[in-house]
């Protein structure tokens, strides 16, 4: 299974390399080769319990698929923005690609360093790949860009040491690289933009995303340290939690956002949300869907209490939420992508805040949330945090957030790139959902080395093709320019990756589909 997963990742890397064909795509190829070898060292460390931190069990290290996401995103973003003539975002793509490669190399060197006896061949391969990448960075990056890459690496090291110690068994090494690498880059971007504020430069919704992500992470770190010294389950601690959340929100996060967008954040948000009648209709519709999702949670819990033998929700029951999320995102993508962007940021902040309340057992809702959400746990929620619903939201939202709007002059990219914002809907909302439902109910022929079925994968590919046809009918901004073969290949590769990966597919699949469509 690991070999097939690696083969599929190599297919994606080679596809991007063939489409881009520059020094950075060569570096990505070298990185993929060394990550393939180092991945087996990480797997061995996890099996023998020799890793520095406690990682999520029942999964391989996932180093190769995770190592390639950020570099490939940077490479395809650089190429798209170069074609559009947007120099600022072309350079940002170079920085993203370089940062992703350096973070992956750091994890590789770490694995090689703690493996005993020292694997000579893997060391040599890692050294060669690292030399190629650093030589390319030396001749491609300015001094300020090199400093920026090193800043992200430094933030990543400190965040990894803190969060992996505080949150054992929540991530595999690959998932940690992806999640903490992304947070480190966002934090560095926010610091950089805060120190170089020029009035009117930048879109307020981009600043809103940066401040929201950094704000909730810092909030979590603050309360984690605080509750080491006091019991979080008492009423006094709970009142202190709510009070400090208000103080940090109104006293730190709001002024920070005000400095960046040069206007009152609350007034700007209210004006933005209710700017047009279409937005009002979408907000009412989304409120109804949120109430429906809550209804499903309460109904399934009531059903559990009446059926004492049933302790966990079935796969099909969990996929109800995928259908609800698809129904949420598709109208937003068609009618108002900026509103969807902001609404997804708000929803992410709410989800993480509610997880803090559940994790710290904050009264009056902490224990209730623990009871309600325990029904929907699966084998991937083996740590103290429940992250699957947050990963689902991220998987649907990241293609919308990472879409290079400035490099799309008419609001959409040409060819297959027009489907980039729909990557989450196609890969997770349609593909993963249909594969699980049909695979678990009608699947008989299993892929070698996995529990996934051939029928589920084929049905997922077919369903995504139908979804693309429906998008063409209902979204007039999408024009594929006869790039159907590339779309079919992209969808097929990502669907096969879903069958073989043991990583969090809600997070990984949309990013790989986005990379393929942007390439």
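Yeah, the Cβs are placed from backbone N, Cα and C, and that goes for glycine too.
Feature annotations, reproduced from TrEMBL:
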| type | residues | note |
| --- | --- | --- |
| SIGNAL | 1-18 | signal peptide |
| TRANSMEM | 58-76 | transmembrane segment |
| TRANSMEM | 88-112 | transmembrane segment |
| TRANSMEM | 149-167 | transmembrane segment |
| TRANSMEM | 207-228 | transmembrane segment |
| TRANSMEM | 240-258 | transmembrane segment |
| TRANSMEM | 278-299 | transmembrane segment |
| TRANSMEM | 320-335 | transmembrane segment |
| TRANSMEM | 341-361 | transmembrane segment |
| TRANSMEM | 382-402 | transmembrane segment |
| TRANSMEM | 422-442 | transmembrane segment |
| TRANSMEM | 454-474 | transmembrane segment |
| TRANSMEM | 486-513 | transmembrane segment |
Contact yes or no, the transmembrane segment (422-442) and the transmembrane segment (486-513), 3+ Cβ pairs under 8 Å, gap 6+: yes
Interface check, the transmembrane segment (382-402) with the transmembrane segment (341-361), three or more C-beta pairs under 8 A: yes
Long-range neighbours of the signal peptide (1-18), counting only residues six or more past its ends (CB under 8 A): 25-26, 28-29, 32, 36, 39, 43, 60, 64-65, 68, 72, 75-76, 447-450, 489, 493, 496-497, 500-502, 512, 515-516, 519
Chain residues outside the transmembrane segment (58-76) and at least six past its termini with a C-beta under 8 angstroms from it: 2, 5-6, 9, 12-13, 16, 19-20, 22, 24-25, 27-28, 31-32, 35-36, 38-39, 42-43, 45-46, 93-101, 103-104, 107-108, 111, 172-175, 177-178, 181-182, 185, 379-380, 382, 402, 497, 501-503, 508, 511-512, 514-515, 518-519
For the transmembrane segment (88-112), sequence-distant contacts whose Cβ falls under 8 Å of one of its Cβ atoms, 6 or more beyond its ends: 24, 27-28, 31, 34-35, 38, 41-42, 45, 52, 63, 66-82, 118-119, 122-123, 126, 129-130, 133, 137, 140-141, 145, 148-149, 152-153, 156-157, 173, 177, 181, 184-185, 404, 406-407
Cβ contacts under 8 Å made by the transmembrane segment (207-228) with residues that lie 6+ beyond its boundaries: 162, 166, 183, 186-187, 189-190, 193, 237, 241, 244-245, 248-249, 252-253, 256-257, 260-261, 265, 269, 341-342, 345-346, 348-349, 352-353, 356, 360, 401
Seg_contact(the transmembrane segment (454-474), the transmembrane segment (486-513)) with at least 3 CB pairs under 8 angstroms, min sep 6: yes
Distal contacts, the transmembrane segment (486-513) - CB-CB under 8 A, six or more residues away: 1, 4-5, 8-9, 11-12, 15, 58-60, 62, 65-66, 69, 73, 172, 174-175, 178-179, 380, 387-388, 391-392, 394-396, 398-399, 415-416, 419, 423-424, 426-428, 431-432, 435, 447, 449-450, 452, 456-457, 460-461, 464-465, 468, 480
